[in-house]
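Notes for the one structure printed next.
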């Protein structure tokens, strides 16, 4: 018997009891508000074209297919596409608690396999769904009511620029001003520079005392969201931060199948420009949109991170039985 092998869960049994209690409270919250709990596949024939997300791929072997190759399948990065197909089929308001997978870094706030809460509300606009997220957080983790700030406001406040107007030269000048120019090599990609400045200069200030909603992100950073009808430079998308941790993101969902296809193709063009293969477009999702996805808003929220805040945990492994290093 090898006594050196670590086999015990990293999280304490106490933390696992709290985890179970909070997940149960989440279910009660949504059931009491009239949402249907659904289950959708964690393995899909397609994946997201998003250049910032890296899916796990496997092969499914059917007898009628070429056996040595199999059929490519992907672990979901989110249940969004399947849930939108349910919405288009007339499900009404729905929620789901499921495992999702992203083949990316492991760290304090990241595990490749994580638990995601996702919900959708037909006929809710962005403000409606933000209000519900605010009530959800107050109910589940007993925090104060959130602060609401636009993406433009927080950049002006913490960076001193207007992110919707700033050109590449101005963004690079900000890097020099804050001694960040040696830490990033992508000086000619506006969106990546904005992301980097948000991460380094804005995010540390967010939600130190209460949650903060950042809304109206640039349209170029919003693959699945509707554009703001008054200002097409921004999309009706938001992110939620508390104590510097990104907890959730949501949006008023894009319902136009042709526009969604165009955005997917644009994202695949970026993949090719980065010497990556394009990703197969989800035709089933587009068919659902074409059939008629109702006007709706949705949210994805990381349950593990929510638990970290509740338990004042420093590492995500403290709130799950087994992280990737112990799996």
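Cβ atoms are placed via backbone N, Cα and C, with glycine included.
Among the candidates 34, 302, the residue that Swiss-Prot names alongside 102, 103, 104, 111, 246, 247 for the ATP site is 302. Site annotation (Swiss-Prot): substrate is bound by 78, 79, 80, 253, and the candidate from 120, 123, 151 recorded at this site is 120. Cα spacing between residue 120 (substrate binding site) and residue 246 (ATP binding site): 19 Å, rounded to the nearest whole number. Residue 79 (substrate binding site) sits 12 Å from residue 102 (ATP binding site), taking the CA atoms of both as reference points.
DSSP assigns residue 102 (ATP binding site) to coil in the three-state reduction, outside any helix or strand. Within 10 Å of the C-beta atom of residue 253 (substrate binding site) sit 27 other C-beta atoms, taking all shown protein chains into account. Counting only same-chain residues six or more apart in sequence, the Cβ atoms lying under 8 angstroms from the Cβ of residue 103 (ATP binding site) belong to 54, 55, 56, 112.
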